[in-house]
Amino acid sequence: VTSPFASPQETLMGKYGEDTKLIYELQDQGGELLALRYDLTVPFARYLAMNKITNIKRYHIAKVYRRDNPATTRGRYREFYQCDFDIAGQFDPMIPDAECLKIVHEILSDLQLGDFLIKVNDRRILNGVFAVCGVPESKFIPACSTVDKLDKVPWEEVRSEMVGEKGLSPEAADRIGEYVQLHGGLELIERLLQDAQLSQNKLAKEGLGDMKLLFEYLTLFGITGKISFDLSLARGLDYYTGVIFEAVLLHQENEHVEEPVSVGSVAGGGRYDGLVGMFDPKGRKVPCVGVSIGIERIFSILEQRLEASGEKLRTTETQVLVATPQKHLLPARLKLISELWDAGIKAEMLYRKDPKLLKQLQYCEDTGIPLAAIVGEQELADGVVKLRDVATREEVRM
């Protein structure tokens, strides 16, 4: 068994496509080649295979590592948390997939991050598009990772990379361009199902049929308003086999802009039916679909928003600060705070022998602690505690 964050290198290699270069490789003292986990999906698939689990629904919040160029202002780091949710098991098409999207929708709505859009596509539809546009199968995955850049760079740049670096013919690239710039909803799915070329392709037809089903379920969940079937969505990872999705936050630059601008991806996922089989000695497959939410990305947006609004963020859950107004009363504070802790009350005190009362009350204001429990010589003599509401300055003796 390897440590939770380091895996044998071959476990991770060949699962991430072009992103393999972002894996942190390491060698331990015994010369074993290890790598830090790039995501939580591949280790999860390996866990299912090792333990012969064929049916599980789980969430996992943990750190992952990427040898990327960090952009900390945008919440991009080399070490960061992901929050994953996965459903593994043999089920009828698109029911668990729809639930994953419902969960993303629910989380992004509850966090009140502003306007967002969940883009949805299917690897089978993309591969079908490549096939009917005359791309050889060996170039599907490279073509995929190039199309994936469409949200960041204009079509012209994507086209020149396809032709210049990936070796696609200009004709094929132009035909791909006609498809990958489309986005919409059920009506677009219907239109593509009627498309003379695409409907001849078995993969594309299958993918579009499932996509139609997915949109029917999402309509029943009442969330299609935030969901877009987007043919440019490719997700750069090799292991996706079916539906893929990505959630982006939108922000209106100004009122005159028709198309809202994307702030960047905060969640992504999809179906990876072949991954567990890669780790199983007998190649037994377990269908899986999952989603991953980038916590730091969301935190950086929340922090920027708080800063802009001038609101104070409360970073502790402390309910009461135990305070003393005179000197030599540290024992009284220690006794009282111990009683509060034992009673399950979240309490704090300043780590000073004789702090000034003003300083203690100021600390409450700075950190947002609502109550101060004050014990002075008089209170000790009377066997009471003075409870002070920090905001209103009202006091009661108890």
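Using the three backbone atoms N, Cα and C, a Cβ is placed for every residue, glycine included.
Automatic, uncurated: that is what TrEMBL annotation is.
Note that the coordinates shown come from a computational prediction; the quantities given were computed from them, not determined experimentally.
Annotated features in TrEMBL:
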type    : residues                                                         : note
BINDING : Asp39, Leu40, Thr41, Arg66, Gln82, Asp86, Arg235, Tyr239, Tyr240 : L-histidine binding site
DOMAIN  : 59-325                                                           : domain 'Aminoacyl-transfer RNA synthetases class-II family profile'
**Request:** For the domain 'Aminoacyl-transfer RNA synthetases class-II family profile' (59-325), would you mind checking the mean pLDDT of the predicted model?
**Result:** 90
**Message:** Using Cβ atoms only, which residues of the same chain lie under 8 Å from Gln82 (L-histidine binding site) while being at least 6 residues apart in sequence?
**Reply:** Asp39, Leu40, Ile61, Ala62, Lys63, Val64, Ser292, Ile293, Gly294, Ile295
**Message:** Suppose we draw a 10 Å sphere around the Cβ of Thr41 (L-histidine binding site). How many other Cβ atoms does it contain, all chains included?
**Reply:** 27
**Request:** Compare all C-alpha positions of Asp39, Leu40, Thr41, Arg66, Gln82, Asp86, Arg235, Tyr239, Tyr240, the record's L-histidine binders, and send over the largest distance in angstrom.
**Result:** 21
**Asked** If you count Cβ atoms within 10 Å of each one, which of the binding-site residues Asp39, Arg235, Tyr240 comes out on top?
**Response** Tyr240
